[in-house]
Amino acid sequence: MSNPVKIEPLSWQQETTGFLRLIDQTRLPTELVEIDCRSVEQVWTAIKRLSVRGAPAIGVAAAYGVCIGAAETTRQSVDQAKQQAHAAADYLATSRPTAVNLFWALDRMRQVIDRDGFDQTDAFLEALLAEARAIHQQDRDTCHAIGRNGAPLIAAAKNVLTHCNAGALATAEYGTALAVIYSAHDSGQSLHVFADETRPLLQGARLTAWELQQHGVPVTVICDSMAACVMKEGRVDAVIVGADRIAANGDACNKIGTYGLSVLAKHHNIPFYVAAPCSTFDLTLASGDLIPIEQRADYEISEAFGKRTVPEGVDVYNPAFDVAPAELITAIITDRGVIDPVDEANVRRVVQDAS
Ligand SMILES: CSC[C@@H](O)[C@@H](O)C(=O)COP(=O)(O)O
């Protein structure tokens with residue numbers, strides 16, 4: 001079996017006055033380039049323009065962004081550092097609206113900011129960095145747990161279809177949907193993946209195909225519109241996707257196109273799995289209809305990658321996410337076990353136990 005390259009999309013460099021280093025995912029697959037974020041604005045921009053993307057990775061990046069904000073002015077009092085940290089958290093919360101992991105991570109950072117008893121600014125900055133590192137490490141552990149929990153569900157599968165990128169690049173490492181695939185592959189199962197290219201920004205073609213190739217997992221990229229056809233041909237044994245936010249009733253929001261896939265999977269009698277950490281659940285929302293859906297810029301559809309593909313002056317519509325209803329989801333694979341999405345009491349019990 002191959003020895004896969006470990007992909008970590010982000011890392012913290014140096015100590016409390018350090019910086020965030022990211023793989024710039026906008027440059028993949030042709031260039032593997034890192035960028036350094038030394039200001040809160042740079043972290044905000046990196047999240048907004050998808051240099052760092054994927055729900056868990058956005059949360060980790062924002063946590064480190066708060067550390068950068070708190071330390072931005074030197075020789076400051078604890079109160080000043082706290083004010084700056086709060087301002088950084090508020091600002092980073094405006095970067096993208098849908099992935100709840102961003103708000104979950106910022107809330108954890110706010111709890112540290114609001115903690116009493118810091119005599120020295122250094123002690124406060126150290127506590128912030130320790131919390132960001134803990135969030136980062138928790139995501140690593142969570143992803144491996146999702147992989148272990150999900151692999152038995154696809155033990156008999158030969159071909160799995162996935163959408164967008166819910167892999168190592170979207171998390172601290174290993175991924176969510178792709179963690180399930182990696183876990184099966186790493187235990188010796190022969191598995192092939194169909195990766196939807198994922199219009200308009202091609203996270204499937206650019207990122208999922210790249211990281212599966214790095215890991216030695218056979219992958220075929222298809223246009224999003226081909227998913228129905230390959231399902232009808234009997235070439236898909238399971239669909240596995242990630243999620244950006246899951247409501248209390250089990251509705252799961254993920255990259256635009258996920259809803260369509262859940263309908264197609266139902267029609268073709270193919271299991272449809274969502275893989276996500278407990279931090280992706282938002283139990284304050286009763287249903288997926290209440291999840292805020294990010295609307296992104298027109299040029300991503302009309303002129304992505306520098307090539308105009310829609311006539312000037314023609315309207316486009318660019319919601320970045322949609323919602324797969326709970327009744328079309330076979331199971332949600334979490335770090336704390338596999339959940340039946342329509343059993344709300346159990347969803348609440350499992351997820352609340354985790355917090
Ligand atoms: C483990 S990541 C799960 C989701 O965040 C992922 O599937 C997704 O939709 C990412 O969208 P993106 O717009 O690229 O951030």
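Note: Cβ is positioned from N, Cα and C throughout, glycine not excepted.
In TrEMBL, annotation is done automatically, which means it is predicted and not curated.
Summarising the annotation, TrEMBL assigns active site, proton donor to Asp244. Cβ environment of Asp244 (active site, proton donor): Ala55, Thr98, Ala99, Val100, Asn101, Cys253, Asn254, Lys255, Thr280, Phe321 lie under 8 Å away, each six or more residues apart in the same chain. Annotation note: Asp244 (active site, proton donor) sits in a coil segment as assigned by DSSP.
Look at TrEMBL and you will find Arg53, Gly54, Ala55, Arg96, Gln203, Asn254, Lys255 tagged as substrate binding site. Annotation note: Ala55 (substrate binding site) sits in a helical segment as assigned by DSSP. A simple way to gauge crowding: the CB of Ala55 (substrate binding site) has 29 other CB atoms within 10 angstroms, across all the protein chains here.
In the three-state DSSP assignment, the secondary structure recorded for Cys164 (site 'Transition state stabilizer') is coil. Of all Cβ atoms in the shown protein chains, 29 besides its own fall within 10 Å of the Cβ of Cys164 (site 'Transition state stabilizer'). Among the features that TrEMBL reports, site 'Transition state stabilizer' is placed at Cys164.
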Structural state of Arg96 (substrate binding site), classified by DSSP into three states: coil
For the substrate site built from Arg53, Gly54, Ala55, Arg96, Gln203, Asn254, Lys255, further residues of that chain with CB within 8 A of the site's CB center: Ile58, Ala99, Cys164, Asn165, Ala166, Ala170, Gly242, Asp244, Ala320, Phe321
Nonlocal neighbours by CB distance (under 8 Å) for Gly54 (substrate binding site), same chain, sequence gap 6 or more: Pro9, Ala99, Asn165, Ala166, Gly167, Leu169, Ala170, Thr171, Gly242
All-chain count of other Cβ atoms within 10 Å of Lys255 (substrate binding site): 27
In sequence order, those binding-site residues of Arg53, Gly54, Ala55, Arg96, Lys255 whose CB lies under 6 Å from ligand 1: Arg53, Gly54, Ala55, Lys255
Coarse DSSP state, helix versus strand versus coil, of Gln203 (substrate binding site): helix
